[in-house]
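Asker: Questions regarding the structure given below will be posed in turn.
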Amino acid sequence: MRRGWKMALTGGLRCCRRVLSWVPVLVIVLVVLWSYYAYVFELCLVTVLSPAEKVIYLTLYHAIFVFFAWTYWKSIFTLPQQPNQKFHLSYTDKERYENEERPEVQKQMLVDMAKKLPVYTRTGSGAVRFCDRCHLIKPDRCHHCSVCAMCVLKMDHHCPWVNNCIGFSNYKFFLQFLAYSVLYCLYIATTVFSYFIKYWRGELPSVRSKFHVLFLLFVACMFFVSLVILFGYHCWLVSRNKTTLEAFCTPVFTSGPEKNGFNLGFIKNIQQVFGDNKKFWLIPIGPSPGDGHSFPMRSMNESQNPLLANEEPWEDNEDDNRDYPEGSSSLAVETET
């Protein structure tokens, strides 16, 4: 009887957690809908008097708004990609692993299994990276998200503002969303500013639109500052071919820790996220190149091009070996085990 109550309580808590996880997304959607109303109706249709200015403002605004909403939708509803079946332990191997009580034997079993897989990263102690929840050998750059309760390929972080785990399948869309969010806020702030001054000086009548225009500028500036910081940080990560988790904890390879293990150079690093075709860099179409299970590494690239071996490594933080934090910014939360 008690077990039944516990199971019902656990199920209820999970249901509540899923519902509450959509609250940040709902907040963003409501703010965006209000900004659309305030800009289109209260500013362009009511406050702006020049017909030509109205057409220009509305045309540019809707062009930016479409890409902003499109990339936000893709960031939310593009599901994180999980490792394929060959990285999971077979039923027999799982039984052997769980029944083995000696840690050193378990470690050797994982080493033997990993020899058949394209896995080159290790734990801090040099052991094979294994997820005891999903019962799989983690591919390179794959981590377990405690919020999504699954292993995610090239996991970057879990973002509550899109209620999704950002990884290989949707990192491109997330970056595009940040870019268009910055552009959206900047466009609103620059076009609203002149009318904000007019209302402030009393050159325009104090009507209902005044509140919307004044508050619209304040909200746009507030979000712009926070978004441009976050977008700048992720641009830095892309330029170094790092994820948020790798920026806080240096990847360990079979040869040892290497801060720039996946750094292929500025252009190639960008292509690793956005692809080779520059026409699609600004459009949320198509995933990042590759399968998400294996990635080109600097050491292999240097063996193919000896000139790279003489290239000085980029400077990085000295404290990259810290444990993963619970959150790295006000808009993103990292949850990895």
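Cβ atoms here come from the backbone N, Cα and C positions, even for glycine.
Per TrEMBL, the feature transmembrane segment maps to 20-39, 55-73, 177-199, 211-233. What TrEMBL lists as domain 'Palmitoyltransferase DHHC' is 129-247. Under the heading region 'Disordered', TrEMBL lists 294-337. Marked as compositional bias 'Acidic residues' by TrEMBL: 312-321. Summarising the annotation, TrEMBL assigns compositional bias 'Polar residues' to 327-337.
Map the listed features onto the structure and describe their local environment.
Answerer: Residues 31, 35, 37-39, 42-43, 47, 175, 178-179, 181-182, 185-186, 188-189, 192-193, 195-196, 199-200, 329-332 of the same chain sit 6 or more residues outside the transmembrane segment (211-233) yet have a Cβ under 8 Å from a Cβ within it.
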Asker: Hey, which bits of the same chain come close to the transmembrane segment (55-73), Cβ under 8 Å, at least six residues off its ends?
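Answerer: Long-range Cβ neighbours of the transmembrane segment (55-73): 28, 32, 36, 39-40, 43-44, 48, 162, 173, 176-177, 179-181, 183-184, 187-188, 191, 282-284.
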